[in-house]
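The following features are taken from Swiss-Prot:
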type	residues	note
BINDING	10-11, 31-32, LYS38, LYS53, 75-79, ASN92, LYS143, VAL169, LYS177	NADP(+) binding site
ACT_SITE	TYR139	active site, proton acceptor
BINDING	ASN168, ALA179, HIS186, PHE200, ALA201, GLY202, SER203, ARG208, TYR273	substrate binding site
ACT_SITE	LYS177	active site, proton acceptor
Amino acid sequence: MIIVTGGAGFIGSNIVKALNELGRTDILVVDNLKDGTKFANLVDLDIADYCDKEDFIASIIAGDDLGDIEVIFHEGACSATTEWDGKYIMHNNYEYSKELLHYCLDREIPFFYASSAATYGDKTEFREEREFEAPLNVYGYSKFLFDQYVRAILPEANSPVCGFRYFNVYGPRENHKGAMASVAFHLNNQILKGEKPKLFAGSEHFRRDFVYVGDVAAVNIWCWQNNISGIYNLGTGNAESFLEVAKAVVKFHGKTEADIEIIPFPEHLKSRYQEYTQANLDKLRATGYDKPFKTVAQGVAEYMAWLNRK
């Protein structure tokens, strides 16, 4: 059996999809469906069972025998960088992850988990080393602290433990994320409502490492199949501007850059906004992973076709 926590969420459901494409359906999805809209991410996927995240962690803490577990992909977390309830974040992201990690270590179950580029804060170099890590929010701190915890235990681990620092992930199955969904998702919605797609002033200068969710799932699967351990950046290694994203969206809809409306940048975001991210992929490439990543033009075109499918 394969377990995917956050399996009804954005990245988790895409990992389930990738597993289905390998012919695997013996999958236990763990999630919190309080937001019932997330069920839509699982409708076209084949899984064996579903478990609520609180019931699942209770079983983990109790040391219950959950059967023969081949691997756990731990994608479940509060991923809102705007959430400032530190007690909630640390319990949900840090403590939960530690319990799951130790369950896996004790039973030598491979453990692959979601970290985040938020661990770097506003640094301008993005390498998986302590000197480049300075998170700006409690979400980033929860991910950073768990990475530090993993670093300390890795030398003693007898089974793979692997964390991925996701950069700006976009693509299918993020509809439930609301304000935290990608820029491409929001621009598409604006166009469908008959509005002009809106970008913040200066968006041509805000450059991020936008990575397509299908590529993210592919790296997770490959690292599992190749018994990779460590903490790795997962982006494309190439920063592109928000304007490039917008241009790819409007192109799909038969519009041009002239159709984009520029709006003022919100004051409250200025001190907490990463202007630039670009994953250094040296460490990931050193594992032997050599597949290319989709560019914004390629990935957004594929995503728009999926979002606007009839």
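For all residues, glycine too, the Cβ spot is worked out from N, Cα and C.
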(request) For LYS177 (NADP(+) binding site), identify the closest of the recorded positions TYR139, ASN168, HIS186, SER203, TYR273, judging by Cα separation. (result) HIS186
(request) Could you state the whole-number distance in Å separating the C-alpha atoms of TYR273 (substrate binding site) and PHE10 (NADP(+) binding site)? (result) 22
(message) I'm trying to understand the geometry here, so how far is the Cα atom of PHE10 (NADP(+) binding site) from the Cα atom of ASN168 (substrate binding site), in Å to the nearest whole number?
(response) 12
(message) Give me the CA-CA distance between HIS186 (substrate binding site) and LYS143 (NADP(+) binding site), in Å, as a whole number.
(response) 26
(request) Return the member of ASP31, GLU75, ALA77, TYR139 nearest to SER203 (substrate binding site) in space, with distance defined Cα to Cα and candidates limited to these recorded positions. (result) TYR139
(request) Please find which two of ASN168, ALA179, HIS186, PHE200, ALA201, GLY202, SER203, ARG208, TYR273 have the most distant C-alpha atoms, given that the record lists them as binding substrate, and give only that distance in angstrom, rounded to a whole number. (result) 20
(request) Taking only the Cα atoms, work out how far GLU75 (NADP(+) binding site) lies from ASN168 (substrate binding site), in Å, as a whole number. (result) 15
